[in-house]
Amino acid sequence: MLHQERRKHEEEVQEKIEYCDGKVEKVLSDGRRILTFRDGTKKEISADKRMTTISFSNGDVKKIMPDQRIYYADAQTTHTAYPDGLEVLQFPNNQIEKHYPDGTQEIVFPDHTVKCLYSDGLKETFFPDGTVVKVESKSYNGDKIVVFSDGQREIHTAQFRRREYPDGTVKTVFCNGRQETKYSTGQVQIKDEKGNLILDRK
């Protein structure tokens, strides 16, 4: 009972201001301020002015913390903006997105895969097993390079797909279906689009 009375006292309105644009501001006895906008949105500012809670008319809630982190209750997402321009978003599934001032984005997925999107259009993805996928921007050439943890490399271009092995063997499949394999021994095999061997030079 005593707690309820104290809470009621804390919520007593000391001052009420009505603005010509329809906004209403209430100053509570505990120092909090509550602004109610014409569309039903409510903005509550803590007594120390360090925390702001915005309750939107659609039910979404946005909290701006003392350290300037922003928490979206409906999406359970935290958005932190740093003075140097870095913005970090944390999602409920533990996905983290970093947006850098130069336009670079870094996404860390729950499985620890990291995807980097650069302002020039280059995309790099780092998988937990050590595989790295690099995709050039379409305006450049759109080539895709995959580097596997075992040292193999795969290159995808508009003209061909090439696999390079650690022992020096290179297998290329051209867009017309022709296949060419160059072995580390110097042997070269060429097959037509149907898989028929047309050259075997040792």
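Any Cβ shown, glycine's included, is placed from N, Cα and C.
The domain 'Centromere protein J C-terminal' annotation in TrEMBL covers 12-45, 83-111, 120-156, 161-190.
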Chain residues in Cβ proximity to the domain 'Centromere protein J C-terminal' (120-156) (below 8 Å; excluding those fewer than six residues from its ends, i.e. six or more beyond): 111-114, 162-166
For the domain 'Centromere protein J C-terminal' (12-45), distant same-chain residues with Cβ under 8 A (at least six beyond the ends): 51-57
Mean of the pLDDT scores, which run from 0 to 100, over the domain 'Centromere protein J C-terminal' (12-45): 88
Other parts of the chain folded back onto the domain 'Centromere protein J C-terminal' (83-111), taken as Cβ under 8 Å at six or more residues beyond its ends: 75-77, 117-119, 128
